Amino acid sequence: MSASANNASSIDALIRKLAREELVDMVPYQSARRLFASGDNEQANSKTWLNANEAPGQGKYQLNSENINRYPDFQPQALLNAYSNYCKLSVKSILATRGADEGIELIIRSFCKAYQDSILICPPTYGMYAISAENHGADVIKVPLINTTEAKCQLDLEGLKAQVGKVKVVFLCSPGNPTGNTLPQAEIKAVIEMFKDSAMVVVDEAYYEYTSEDFSADQINTKLISTYDNVIVLRTLSKAFALAGLRCGFTLASEEVITLLSKVIAPYPVPAPIAEIASQALTNDLALMQTRVINANALRTELITWLEQQNWCCEVFPSDANFVLFRCNNLSEKDTVFNLLVENNILIRDQSKQLQLENCLRISLGSEAEISQLKQLLETLK
Ligand SMILES: *Cc1c(COP(=O)(O)O)cnc(C)c1O
């Protein structure tokens, strides 16, 4: 008997029968690249990408493929040494991962029993915490950010206290994505204290470099790792280091937590060419990175001032990161702004579906030329 060629509907039926049912209808993370694929180089270069918080400018790196027939080390030594030097922690406190996103996933898989344990997030926040939890079968408890008399988008400490004992992992994002603000150090510390016997507290510092005057001296949250057992810090080369395409991030925690996460990660998690490029960036290009951050921060100040003067804009969020979030007066003006840019091949990110962010859009700080092109276009709306 010969097998008949398979067809889409029979595969679909088989998947529905065999797969974890909650995945079948799950919507994957709508990353900036899934919403607008970059396509081939020609297509990619014909668009202005201001939707994924990537830094502008190309890097130049040397690759040596001599040993490419060999598996790489589990954690390439040169890479760990370079990051250790940068973050001022011992190499034993560092796990290099496939982007900070893999760190998020590993933490959830290591601490949450599927269909039993929960994570806690403070929306509006980075989407991958909930997606990774959902993928794994962990529940998501939300304690939204609140506006206080002094500042917007702050932690609700009372609301967080009510969840002590009910969650295994708490995700704090500082500076927040998409909100942009840094959480006060005292509040981060209060949350760590609050959950010290019951949950890991993850401080996602994907935008760390944009907040820091002195990158190597200011490691405020990483220093907490030696004082509190339940602190994990996430970092990445995707933002200030302008290496989003590399997929390289770091999970920083006590040696014991790193040992645990190492049981869950893939056997050869860092491809050799990635380690090579990342090590070069972390040793030779720190000054370049610093200049990139200074430029982005200057551009941010200008963009915020400009946005505040536009009729269609009613609120600009303070930002310590390489992007600016703002609110339009209403849905139709939000769509007008977004669509005018898309029609002219400038892509920004619509954040209006997020909790509390009705009519909000986010602009990533590309180059000065890109931002001025965006302003010119939007000035026609007056
Ligand atoms: C971009 C981003 C990440 C993911 O970084 P990768 O290293 O590219 O996976 C994680 N957290 C936040 C808050 C981010 O904005």
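Glycine too: its Cβ is placed from the backbone N, Cα and C atoms.
Remember, predicted model here, so these are calculated numbers, not experimental data.
According to TrEMBL, the protein has these features:
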type    : residues : note
DOMAIN  : 36-374   : domain 'Aminotransferase class I/classII large'
MOD_RES : Lys239   : N6-(pyridoxal phosphate)lysine
Segment confidence, the domain 'Aminotransferase class I/classII large' (36-374), expressed as mean pLDDT:
95
Proximal but sequence-remote residues of the same chain as the residue listed as 'N6-(pyridoxal phosphate)lysine' (Cβ under 8 Å, at least 6 apart):
Asn53, Glu54, Ala55, Ala206, Tyr207, Glu209, Tyr210, Ala321, Asn322
Taking DSSP as the reference, which of helix, strand or coil describes Lys239 (N6-(pyridoxal phosphate)lysine)?
coil
